[in-house]
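**Q** Sharing the record's features from Swiss-Prot:
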DOMAIN    131-569  domain 'Urease'
BINDING   136, 138, 219, 362  Ni(2+) 1 binding site
MOD_RES   219  N6-carboxylysine
ACT_SITE  322  active site, proton donor
């Protein structure tokens, strides 16, 4: 006999289904479930008197015969490819299937077999996203990694050697010695890591040495001299060894202007950091480079979104990060040339248009490592409030906008750096790096983080309590953060050449090392939902930004969501 229940009761029991809408945190963003892959009346749920019991939702199938290791039940998946309700099966640390879980002996259309070997994570009423990827890391202190993990980041790419003066300013791990030591250090952390070598050298041998030592990319930074000749040399090596080049261009325009940099790049693929310019780059018009097809443009989070405090905080940040002296007028002028209200305001709109494709942190070097996802969706909220629904959306949901913005911190950085085969989205066959969120805490604090198929971080109450929930509840490392589980659950990204030369074994690395690939034959059109190529111009006197002749401007926000009410301590 069938039994009908109202939508509200169903959502409270099994989570929202097709047509239901969910508000994201305290923003004005609303998502609507596009499709439900579970089966009405045949849903699986764990608990006393519930479905996942032996002979009911749990089958007799052994692990060796197809039962999964873990199932996340009734989760609301938010990814670039859709917003759907589904069960997610995990096996051997990989995403095994997305669909309907259960017992095929008594249930129809079962994609994910639950057996005695299967653990359950209750996804009902929760949002599931891929673990996010931060591709602009200054590895200044190891404590960044825990902070990033607590925010839902599961992959960090960048450069540095610790709190050295060079690392405080630039995302470079220079030379084979430092690359080797950072790769060895990566063994200690429950995070996917990869390191950029220093790309500033006209002698290509210096760059080749770093790629062969294990660098997964090269970084050009103006503080080391980003001239047309170093740009050309760096890209030559990248093309030969299939690694990505990231660039922080010449703010002072000493070696040329933005047009000269574009000419030096010569149509080759490159990832431009803080493309608006406050983080550095040709003043005042580096922002126009986002209209080039071969450029993969990203932002860093201190300018995300534009608020009444954005300009004021930047000057001091910049002086510290780039080792400038407030007693020297030229240093002050250098700093002030990078901070422009007009280009920061335009950056908001360019993100909303899909012309800027990636958001990262710039950790401890003008950016906040634990706020990448939060600031991404604060920007989305601001644009919804100021610009209204996107043309692809309706008055009742913001699905396209949300998918556009989640892409900026998941799949697009993965594509840009040649790791999208492994991470960056919830798709069959990829590493099970996942973040589970209560909708009220979406993009602020994940309820738990799964790393390589094991729980690595979770909101957790008092360890001496009789149940897990009594306060104080806060994020804490879980078992996949320790011992050999850490080694098996996290990965290190290197150049293919270094893996071919057996660098992991020579350095005694235990983590699985994965080669980056397909970084040189991509362009902006490969980036998901963020591939617009506007014709950008900047007025050299007023700094006003125009896209295809239209002025791009917006007002700063006085108050953002996902802020004080979530961080009272």
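Any Cβ shown, glycine's included, is placed from N, Cα and C.
Each of these features: where is it, how hidden is it, and who are its neighbours?
**A** Residue 136 (Ni(2+) 1 binding site) carries a strand DSSP state (E or B).
DSSP classifies residue 219 (Ni(2+) 1 binding site) as strand under the three-state reduction. A C-beta separation below 8 Å, combined with a sequence spacing of at least six in one chain, links residue 219 (Ni(2+) 1 binding site) to 159, 170, 171, 172, 196, 197, 198, 199, 245, 246, 247, 248.
Under 8 Å, Cβ to Cβ, and six or more positions away along its own chain, residue 322 (active site, proton donor) finds 169, 223, 280, 334, 335.
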**Q** How many other Cβ atoms are found within 10 Å of the Cβ atom of residue 136 (Ni(2+) 1 binding site), counting all protein chains shown?
**A** 33
**Q** Return the residue, from the listed binding-site residues 138, 362, with the maximum count of other C-beta atoms within 10 angstroms of its C-beta.
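**A** Counting Cβ neighbours within 10 Å, the top one is 362.
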**Q** Inside 8 A of the center formed by the CB atoms of 136, 138, 219, 362, which other residues of the chain have their CB, for the recorded Ni(2+) 1 site?
**A** 137, 158, 159, 170, 171, 246, 248, 273, 300, 360, 361, 363, 365, 367
**Q** Please average pLDDT over the domain 'Urease' (131-569) for the predicted structure.
**A** 96
